[in-house]
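Heads up: the structure comes next, in structure tokens.
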Amino acid sequence: MENQYKVELHNVTKEYDLYRSNNDKLKHFFNIGNVDVPRFWSLKGVSLNVKPGEALGIIGINGSGKSTISNIISGIIPQTTGTVDVHGDTSIISIGAGLKWNLTGDENIRLKGLMQGLSIKEIQAVRDDIVDFADIGDFIGQPVKDYSTGMRSRLGFAIAVHINPDIMIIDEALSVGDDTFYQKCVDKIMEFKKQGKTIIFVSHNLRQVELLCDRVAWMHFGDLLEVGETKETVDHYRKFSKDFKAQTAAYRKKYQVGKKKEQADFDIVAYERQLVEEKAKDSDKSKQAVSRQVHRTLYKQILPEKMTIATKLVMLVAIVLFVFFALVNVSGHSVTSAIENPTVLLHPVNHYIKSQSVLFNSK
């Protein structure tokens, strides 16, 4: 049975640990000591669905979580909690996204194509179309690090739209480039819409959103404030922006500081309790059973960020074995002799020379 939605997000959060140093990062990873790490929640429980063939716009002020959502959907970064189900191949288009700067334009085309499952023959078939669309001429043979921002954006867009993804994610990619390239991009996006492709369009440009999108999601400091028909949601966002800009600078500053503090103070445990309370109202199961179900759902796609005791033991054994075999290799002795007499590893060079001398004299 075909999925009702192409993209499904349920109770998705994203936490960033603001490490003060690399030492703190290592201590936290290995779960050593009590490291006080400041945290910031870019997403605070977002649930969102995108239908097949739908163009969904994502709007919001800077820092609202728009790009975080697009990166999670595309698989660039993982969510902290919640479920993300994407039914189809995704291709994200942002300024320079996915391009390897030390590779040439041609090499990037091949790499991106292979990563999307295309054969060399299929990549060669679209190569010229990509170069023509990007309009970068002889620079296609130069390293991407030598490109301008506009050239990188054009190449990234051209590659993404020619590898035929099921879901195209466009993150501010139309903000760079001249009017001619912009129109080519719009025409290509409209062509994708006619083909029934799913599009997620992240932008500050409300006119572009109104032109291209069927529905719009309004993100606001990590929360999904509203999702609905394009005109209605964009009108609400415009009114908010107008009213906000009319406030004094002191008010705007205080408001932003307060919202960012809410993101820093977000309590995932309290959020989970809230979900349990809401679900328990409509369930005939016990609250304890509902709590277990909610917890499983929140964390079933999540890998642990810290090492468990078992993992630490495995790592310790692996390190010991690595050091042991390295010393055996340097000493010139067999593994068996090193196990029977480990002291030979303490002075490997001298012992190895003596053994070679004995061998030479015996001849």
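Placement of Cβ uses the backbone N, Cα and C atoms for every residue, glycine included.
Taken from Swiss-Prot, the feature ATP binding site applies to G60, I61, N62, G63, S64, G65, K66, S67, supported by sequence analysis. Per Swiss-Prot, domain 'ABC transporter' is recorded for 27-246, and the stated evidence type is sequence analysis. Annotated region 'Unknown' per Swiss-Prot: 247-363, in sequence order.
Annotation for G63 (ATP binding site): spatial neighbours F221, K260, criterion Cβ-Cβ under 8 Å with sequence separation of six or more.
Neighbour density at the Cβ, taken as the number of other Cβ atoms within 10 Å, is lowest among the binding-site residues N62, S64 for N62. Confidence for the domain 'ABC transporter' (27-246), expressed as mean pLDDT, is 89. DSSP classifies I61 (ATP binding site) as coil under the three-state reduction. The Cβ centroid of G60, I61, N62, G63, S64, G65, K66, S67 marks the ATP site; residues of that chain outside this set whose Cβ lies within 8 Å of it are M219, H220, F221, given in sequence order. Neighbour list (G60 (ATP binding site), Cβ cut-off 8 Å, at least 6 residues apart, same chain): K66, W218, M219, H220, L225, Y237. Other C-beta atoms found within 10 angstroms of the C-beta of I61 (ATP binding site) number 17, with every protein chain shown included.
Every protein chain considered, the tally of other Cβ atoms within 10 Å of the Cβ of K66 (ATP binding site) stands at 23.
Counting other Cβ atoms within 10 Å of each Cβ, the lowest count among the binding-site residues G65, S67 belongs to S67.
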